[in-house]
């Protein structure tokens with residue numbers, strides 16, 4: 001089967017069409033702007049899969065309808081998923097703009113005095129607003145000389161933010177969410193909303209009963225040689241934590257081996273269902289070898305699977321990580337309990353950063369007073385105002401231990417193409433695999449247990465659906481916190497100590513939901529959240545605006561908020577603008 005190509009970025013150099021002196025004097029400068037933009041994007045960006053980003057430049061500068069149509073024909077044939085229009089001069093507004101209604105688009109008008117690039121920018125944006133096709137404005141803060149070919153830092157920041165978000169939009173379009181199972185324990189996010197995926201994300205939902213997973217395991221619809229490799233890898237790398245079950249529920253060595261084997265098989269089969277596996281065609285399973293074209297998935301597990309079979313904790317943790325028995329590789333996006341809305345937040349974070357995502361329960365707010373009462377320890381530093389305990393048995397990527405290192409030697413999570421095998425091994429070494437608690441998981445299983453290193457910047461996100469309003473996005477930037485070991489142990493043992501933990505301190509603003517840490521917890525819209533490495537809330541805001549998903553809660557600096565120019569016409573308060581604009585324009589892929 002032909003491999004689906006990755007979306008490309010289209011660069012549209014537009015120009016004043018008046019011949020006999022005007023156009024001719026601008027051709028080189030305009031095309032050089034396009035080439036410089038393409039060079040910046042290809043140098044600084046990668047797809048989430050690690051592949052290089054490609055830019056497609058119009059064959060000619062665009063002065064009017066004919067050249068705009070020729071450019072569109074070229075872009076359509078090369079899978080261009082977003083466009084950036086560039087110009088140093090006046091051009092003919094509505095005659096030269098990108099009219100595709102679902103393709104993210106930005107316009108960079110050069111800030112110079114010799115030619116009015118800013119005037120074209122304003123005219124073109126007015127046309128976009130009047131036609132109901134929002135576009136992003138890029139205009140440098142400082143005037144440049146006409147022969148200055150550099151890209152100013154503020155322009156570069158907007159170009160990259162737009163491109164990252166636009167590539168995420170284009171990469172999700174046409175893919176599917178694999179809903180493996182149904183509703184888990186009444187969790188609303190696992191009531192998978194097909195209309196949300198179709199209308200806002202341009203995706204389909206592939207609903208598959210969990211019996212399909214059982215069939216693949218029982219009928220050996222998998223690569224048996226790979227299973228042996230996976231078992232050998234686990235034997236070499238897994239450290240096992242204590243079994244906290246009562247004696248009558250503890251498994252012997254043979255039973256434990258069977259649980260491990262099935263857990264690894266679940267990872268293999270879920271992966272194969274998502275992306276396909278040509279090895280299955282070799283054993284006569286051609287249909288199954290194709291997969292479901294899934295860019296994200298969720299596994300119900302509880303309770304209709306886990307009351308009888310091993311839980312999904314091991315499978316989900318391995319799939320979400322940037323490595324397995326095949327070495328370092330692209331992480332998958334798999335939501336525990338089939339929480340599709342948390343899965344979408346994971347997908348957004350992965351597409352924007354290329355990194356693995358940490359799925360967690362937003363479990364407990366610990367005030368400084370409560371911690372001092374229980375442990376005798378007085379919180380300070382990043383944790384001085386209190387912390388949130390993020391913990392879940394399921395699909396927290398092992399990268400979340402933060403045993404990888406950045407260029408300064410600080411703990412972090414990196415995109416897989418920057419991760420060394422030594423760093424992957426360090427994440428495994430920091431993880432214990434604890435037998436599942438029988439009262440919750442009667443079929444057994446293993447939960448990963450690690451503790452996230454402190455001082456690491458994170459962005460916590462969540463998508464919720466509100467009846468009558470639609471999807472909304474929550475964002476909380478903050479840091480992981482490291483507690484003294486005895487303090488961590490006391491707090492952790494008050495809950496399920498066999499699960500991975502991140503102690504999270506959101507950045508406070510003193511206003512609204514970020515008045516204090518308690519308010520962050522109290523305003524969180526569901527029981528789950530996602531941690532994405534870095535303070536990348538601004539990228540999430542830009543992406544959400546492209547999809548027409550309003551942001552109901554964030555602590556990103558106002559100067560970093562970047563949305564289409566038309567949002568400014570929807571009122572004077574920028575968050576109210578967001579709601580009104582999203583309601584006005586409706587879902588990106590209206591249905």
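Glycine residues also receive a Cβ, built from the backbone N, Cα and C atoms like all the rest.
According to Swiss-Prot, the active site, proton acceptor annotation covers 337, 361, on the basis of sequence analysis. Positions annotated as Mn(2+) binding site by Swiss-Prot: 337, 361, 528.
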How many other Cβ atoms are found within 10 Å of the Cβ atom of residue 361 (Mn(2+) binding site), counting all protein chains shown? 21
Residue 528 (Mn(2+) binding site): tally of other CB atoms within 10 A of its CB: 26
Neighbourhood of the Mn(2+) site (337, 361, 528): other residues with Cβ within 8 Å of the Cβ centroid, in order? 187, 189, 336, 339, 342, 359, 360, 392, 394, 526, 527
When DSSP states are folded down to helix, strand and coil, where does residue 528 (Mn(2+) binding site) land? strand
Whole-number Å distance separating the Cα atoms of residue 528 (Mn(2+) binding site) and residue 337 (active site, proton acceptor) is 10
